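Q: What follows is a structure written as structure tokens; I'll ask about it next.
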Amino acid sequence: MTVPVLRTLSALRSATREWHLAGETIGVVPTMGALHDGHLSLVAAAKSACDRVIVTIFVNPKQFNKASDLASYPRTEEDDARKLARFDVDAVYAPDVSQIYPEGFCTNVSVAGMTDVLCGAHRPGHFDGVATVVTKLFTQTSADKAFFGEKDFQQLMVVQRMARDLDIPIEVVGCPTIREEDGLAMSSRNLLLSDRARTMAPRMHEIMQEAATALGQGAPFDALQATALRQLTAAGFTDVDYFELRSCASLSLLDHASVPARLFAAAWLAGVRLIDNIDVPVAR
């Protein structure tokens, strides 16, 4: 099966109008392409929950802080289409920039508070770019449900808050992080890792797991954080952006796992920024 690739908003709306008139529900999986099994798990979740599924592929320039980062982002549309054909996806929406940000576009969607920490603190404007493009994709697709991975947990929370605050009639569904056999969280950026860096990358997850186990046993976070930072440096990671314990509900900083919490980490390895987060058991 060949998946229809829609390039224009008019083509997209023609399809979604027909589906809604037939009483069918629509699920959307927003991506920037370079699809891996993590993305495909979102597609599978959408297929099980909705009558029709749209996968969007759009490398959003507004969420990149560096032009070089945007230029180097993997683009593999033909391979992506082959992968999606196996899932009987109803449409791929792959617009060019003019369909998302037409000439004169001057609106910015910003979610205050939770975008000032973690990745937001190190990538100024990143989540404004995310919130803006996702708002556009939600309104353009008229989807009933949207599927995001917990691997980008902060992004998931930002999108859920944005949809709630703006009364967008869509359910934002979070899906579990999918990992490689060695524990590395699947990410399109993993394609940028050298062979040597790829063998080093899983150490971040191992360090996080060790800290999470100790937190669940009641250990205070400050000593664990200091140890983790030393371990990451020893493992070859540079410029650790953060290694923090935060509330699942509000992203507020915690010093003990006294409430539902997650560990968040971001660090650079051989020029590639890797991020991860894991659930932490409430301390006994």
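Residue positions begin at 1 at the first shown residue.
Every residue gets a Cβ built from N, Cα and C, even glycine.
Copied straight from Swiss-Prot:
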BINDING   32-39, 149-152, Ile178, 186-189  ATP binding site
ACT_SITE  His39  active site, proton donor
BINDING   Gln63  beta-alanine binding site
BINDING   Gln63, Gln155  (R)-pantoate binding site
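Map the listed features onto the structure and describe their local environment.
A: Its Cβ taken as reference, Gly38 (ATP binding site) is surrounded by 22 other Cβ atoms within 10 Å in the chains shown. The secondary structure of Gly38 (ATP binding site), as reduced to three states from DSSP, is helical.
The Cβ of His39 (active site, proton donor) lies under 8 Å from the Cβ of Val29, Thr31, Val55, Gly149, each of these being in the same chain and 6 or more residues away along the sequence.
According to its DSSP assignment, Gln63 (beta-alanine binding site) is helical.
According to its DSSP assignment, Gln155 ((R)-pantoate binding site) is helical.
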Q: Suppose we draw a 10 Å sphere around the Cβ of Gln155 ((R)-pantoate binding site). How many other Cβ atoms does it contain, all chains included?
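A: Taking all protein chains shown, Gln155 ((R)-pantoate binding site) has 23 Cβ neighbours within 10 Å.
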Q: Do you know offhand how many angstrom separate Ile178 (ATP binding site) and Gln155 ((R)-pantoate binding site) by C-alpha?
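A: Ile178 (ATP binding site) and Gln155 ((R)-pantoate binding site) have their Cα atoms 16 Å apart.
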Q: If you measure from the Cα of Gln155 ((R)-pantoate binding site), which of the binding-site residues Leu35, Gly38, Gln63, Ser188 is the nearest?
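A: So, spelling it out, the nearest of the binding-site residues is Gln63.
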